[in-house]
Every structure is written in structure tokens, then in C-alpha cells.
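Contents: one structure, followed by commentary.
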Amino acid sequence: MAKPELFELSNGRITVRLTNVGAAITSLLVPDSEGNVADVVLGFDSLDAYVNDNAPYFGCIVGRVANRIKDGKFTLNGVDYSLPINNGPNSLHGGNKGFNKVFWEVIDHPDGGIPAITFKYHSKDGEEGYPGEVTVTATYSLPSSNSLKLEMEATPSGKATPINLAQHTYWNLAGHNSGDILGHSIQIFSHHITPVDRNSIPTGEIAPVKNTPFDFTQENKIGSRIDQVPGGYDHNYVLDYSEEKSGLKHVAKVKDSSSSRVLNLWSDAPGVQFYTANYVNGVSGKEGSIYQKHAGLCLETQGFPNAINQPNFPNIVIQAGERYKHTMLFEFSVE
């Protein structure tokens, strides 16, 4: 029987702890401008909580399809599929037992060289209502003194299937237990969002952010206009083709002035869900902390929400034998 386990990658400057439950990041220690180290991700002390109590999806990889699918329904190659409804009228983050709740196998954790670990999961045909088998791998590594890299790959066999993996870590650069992130500044390298209906499903439109509270093309405090967004931010941004680094687009820059910690995120995904922990409400977290609304922020690079039902959105269907790839690079600095 698989059991929850904890693993560590460290390079002397960054230390990241991970569990085989949901291939999740449970803690990430980085220094501030004075060299003081803090854990900058929300999470639980107990690994069992990642199995049983992780309603906010702290730290984990979500799939087979991240984000929302309208009414939990889609049609592919003439076949109608119905998925578990677990978020209002929608199917969210892969269903009742998505990739975040399963035990992944560790297939590589080399000694020496670049600190790295590879998790693997085999999803069965029909699992949570999805067609076809899928073999998924997630490799976390520390390629430089100030960066964490995640490389996700998935290959379906037997049938085509939608695939959209996302990493759901909640960041608080002042420290996981430091209060809300409304004072953090963020710049998102995007001029458009996909507006949503009252059930958080995109309407299909691609709307400019200019002159709206969604405009973070220039660095701005997260809390500066959040009161104009009912509930808070939980929206997909269409990423610009901005500057690149090793084939990855600049997604966002987040800064906490109290610690001077900065996070720059790079990815090859078409969108990013910017989420301000609107539904986190009195969650018991690490070291006795209680996480409240806006205690962290998520930057979930992804295919667009409900893309399987929106022909004008980038395709998320992967054919049998083809390979899905999604890479994220998190760079930490101080300024």
C-alpha cells in the first residue's frame, strides 16, 4: 500500500520539500535581503492532510484537466463524456479524486548533480470520467542557486483525451504565516483575460485588461483594486509573447516589499490563473497557523478553463501517442 512520504531538494540557498501525494510542494525555504530564511508556500504539517483535507489544493499538481469544465460535460470524437460535479455546476481540477489526491511513484531521485526528483502517475481509462490511459511525469529540479523548475509531461494511450496540468502552490513571499498578500506587488505579462460568467466559466470572449482592475501590465499592489473584483481575483490571463528565457515566456513578477523577496515565473503555457485565495477561510496550516482569505496567491500556468468546450481557445486535446509538455521556472531574488 502506498503511503505519504516526504522528499527534499536543496542547493544551499533554496530548500524545497515535496510529497508523493499529488506531487505537491509542502514547503519552500528562501532567504530575504538580510539572509533570513522563510517558508513561502502555504501547506500542512501532516502529510495525511494532503490526502484528506486539501480542499484548497495547497501545493499540488492538479489534473487530468485543471480548472473548470462547464457542467462537467464534453464531447470528443463523437462520444459524450460526463465528469464528477464538484464545484457548483462544474467539474474542477480533475474531479473528486484528481491527480492531487493520488500517490505518485518516485522514479528518479539522483544523488549528486543538480538536485532533482521525478514523480510518475498512471491514470486509467475512464478515471474520473476521462477517456484513455495517461502516463504522467513531473520532474522538480533546482537548476541554479536561485531557481526551481517543474517539467510536466503526459502521454495518452488508447484514446485521445483532454490534458491540462497545473501546479497549485499558494505563495506568500513574506512567509506562509505572515497574513494576507494584498500588500504584495504583481506584474502579469498579459494584456487580456478570458471573462467569466457567474459560475466562473469563460464566456469565450478574449477581453483587454486596459482600464479595468485586471490590468497588471505595470507592477501594482494586489490589494489596490481587489475590492472592484467581487470575491477577489480568480481569472485566466492570456499570456503575451513577451521576452523569453530558454523557450519560456515571462508570466509574472511578484514582490513583497517587507522582505524584499521577488518571484519571477516563466512558462510555456498559453494562460495563467491568477487566484488570490478567496475561498481560504480558517484553514489550519503549518506551525499552528490559521490561513484566512487572501493568505496566499496562486499563479497556475495552464490551458484556458473549459477549453474542451470552447473551439476558439487553444486546443487541450492530446492524441494517443502524442506528448503533452508544460514547463514552469520559478526564480527567486531580492530587490
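Just so you know, glycine gets a Cβ as well, placed from its N, Cα and C.
Listed in sequence order, the residues of the same chain lying 6 or more apart from H168 (beta-D-galactose binding site) and placing their CB within less than 8 Å of its CB are Y57, F58, G59, C60, I61, V62, A66, H93, N100, C298, E300. The beta-D-galactose binding site feature in TrEMBL is assigned to N67, R68, H168, T169, Y170, D234.
What TrEMBL lists as active site, proton donor is H168.
As annotated by TrEMBL, active site, proton acceptor applies to E300. Other C-beta atoms found within 10 angstroms of the C-beta of E300 (active site, proton acceptor) number 23, with every protein chain shown included.
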